[in-house]
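One structure, pasted below without further comment.
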Amino acid sequence: KESPAKKFQRQHMDPDSSSSNSSNYCNLMMSRRNMTQGRCKPVNTFVHESLADVQAVCSQINVNCKNGQTNCYQSNSTMHITDCRQTGSSKYPNCAYKASQEQKHIIVACEGNPPVPVHFDASV
């Protein structure tokens, strides 16, 4: 079974490409990373930084998660990200997305020892 840390990497890590405004990027990546199976995942963020840099966020600024848990961490610096949002008119199985390219701080939930990101909470 996929571990929470591996799931985070599959859903959110794309260090090898730069952030993209192309809806093609989102349509391709959402499908390739298995987020359009059974349903369209409505919103997803890809982070275009090294895994080491994203894992390091777990020792940066401790903040509350949206759900009230206290194991979220905000990055010290901004990161290149692409937000993929499902378009209003698209329906499963033809999931369609629009992309927005951002440079923002990311907030992730971390677990484990050593702590690693297991959930993408927000970008600010």
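Cβ from N, Cα, C; glycine included.
These figures come from a predicted structure and were not determined experimentally.
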Write down the one residue from Arg32, Arg85 that Swiss-Prot lists together with Lys7, Arg10, Lys41, Pro42, Val43, Asn44, Thr45, Lys66 as binding substrate.
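Among the candidates, Swiss-Prot records only Arg85 at this substrate site.
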Which one, Cys58, Cys72, is listed by Swiss-Prot as the other cysteine in the disulfide with Cys65?
Cys72
Around Cys26 (disulfide bond), which of the listed recorded positions (Lys7, His12, Asn34, Lys41, Arg85, His119) come within 10 Å, judging by Cα atoms?
Arg85
Taking DSSP three-state, what's Asn34 (N-linked glycosylation site) in: helix, strand or coil?
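DSSP assigns Asn34 (N-linked glycosylation site) to coil.
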